[in-house]
Amino acid sequence: MAESEQQLSRVLSWKSGAFLGLSTVLGIFVTIGFMVGLVGAWAVIFIWAVCMVMAAAQAFLYAEMATMFPSTVGGSAAYAHEAFRKYTVFVGPVVMWGYWLGWSLIQAVSAYVFGSLIQAQWFPSQTWGVDILGTHVGLPHILGGLALISVYVLNAYGIKPAARLTSAGVTVFVVVAAVMVGLPFVSGTWSAHELTWRLHSWQLGVVLVYLAAWTCFAAEGPSLFAPEYKKPGSDTPKAIKICAVVMVAMFTLVPLATSGAIGEKAIGDNPSGYAVTVMQKYWHGSSSLIIAILAMALWVTILATSAQSARALLGLARSDATIKQFAKVNRHKMPGRALAMDILVNLLILFLVGNTVAIVGASNFGYIISCSLISFGYVLLRRDRPNWPRPYKLPRTGIAIALLMGTIDLFLAIFGVTHPALANYGGAKESIIAVVLLFVSVPLFLYRRVWQDRGTPFQWREDTPVLPDEATAALLHAPGSDGSASNNYNPADISPTLPDAATDHN
């Protein structure tokens, strides 16, 4: 297949990227509910607000890096690989694998919640099941499995249909969430007395931030589609910033409004379906409609995160950091093999792992470690490639922010993975699984470099360019630095005064 046929198509606008990123706002019905029951609404609002401040700070860092590499597949982790490979080739595979785990494993959680909602609402008597390796498998697992298979089929045929469906689904969900937030205040039934602070341990607070981190940090998700934006220089940072703003509002206002409307106990007793309880209070007979909307939104979450994680795995393979079979795209220019691998992994997790919060904890470790190293990678790129064009560039304070966020994320990941029992999402076994899952990346990387690429000498570190090549420069220097000329790129159009790409051999 020709090289041009292996490129992703530039068909997305910043709006499509923002909607794909916003699919993760369903985290308010996966993680927040159980936290409200555990430590109280005021504590949850504080935890998620802190987490979103961190996420927004990181999102600005990632936005700058995304504009440096408008054609690089793999999202923020691929930029970290670019930063570290000058010093060692072993950081990149770990960062990119952990990043992929974060985007991938959440699909199994969403699929299980999807199946559970449908079973509880429309098939309450269908409680049959079989035990498979200690996990009771029933109708929710079957329905979740069908959801996973359906998104694979849709994503394999192109990103535009997935983007349209995600846009529609997220819009409906956000409208319903806005109504749910507004009704308690408009009706005068909201009461601050229903909200409490029962967080009396800083250690538990850190662990809860750890669990909330994936959903919040996912504001950077639009960076995964940088090679598919029509105007990557402007579309990528715009989509990331919109995601961050909307998510800040959602993750603070929803627990504030719902806790004051129905009380923390009601939310803790029904952590995945408390939206139904809220809407039933103000609109009797709406439960079926709300469940249908929640199920649709969860399916959209699986659809979007499947597209994002497949691109993370595609980037991993194209960076020579894992087995090369995942580096191919299908005839629709979609990462078909990566999508298939992603769905297979999530089907196995769905049917073999029973604790959904433990899955979040395991995937969070790799993802937060990746976020830490991505932030440190930002500092390296600023130091090692100061003259690289950046259509979107932060002031020098960005370096201090990156160092701070990298340090906080590293502490968060280590503390969170070593103290799972504080939030009742596992013990030593879950911690070991999380660490092993992350470092599976190393033997896969060595297999790629030593065996599959055995004709090429193995290098412990690699030469890196200090200026972009001609194709990347054409995108970065397009009018307005927004990539508008990207679809008609001609190397001859580059100004003869543009510096040639240089290489740093240090």
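For all residues, glycine too, the Cβ spot is worked out from N, Cα and C.
The transmembrane segment annotation in TrEMBL covers 12-36, 42-63, 94-118, 138-158, 170-190, 202-219, 239-262, 282-304, 338-359, 365-381, 401-422, 428-447. Residues or ranges marked as region 'Disordered' in TrEMBL: 480-506.
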Range from 94-118, 170-190, 202-219 with most C-beta pairs under 8 A to the transmembrane segment (428-447): 94-118
Which stretch from 170-190, 239-262, 401-422 shares the most C-beta pairs under 8 Å with the transmembrane segment (365-381)? 401-422
Counting only residues 6 or more past its boundaries, what in the same chain has a CB within less than 8 Å of a CB in the transmembrane segment (401-422)? 54, 57-58, 60-61, 201, 203-204, 206-207, 209-211, 213, 358, 361, 364-365, 368-369, 371-376, 378-379, 382, 394, 430-431, 434-435
Most CB pairs under 8 Å with the transmembrane segment (282-304): which of 94-118, 138-158, 170-190, 202-219, 239-262? 94-118
Are there residues at least 6 beyond the ends of the transmembrane segment (239-262) whose Cβ is under 8 Å from a Cβ of it, and what are they? 14-15, 17-18, 21-22, 24-25, 27-28, 32, 36, 41, 44-45, 48-49, 51-52, 55-56, 59-60, 62-63, 66, 174, 177, 180-185, 189-192, 194-195, 215-216, 218-223, 225, 229, 274-275, 277-278, 281
With a cut-off of 8 Å between Cβ atoms, can you find at least three pairs linking the transmembrane segment (202-219) to the transmembrane segment (12-36)? Only pairs 6 or more residues apart in sequence count. yes
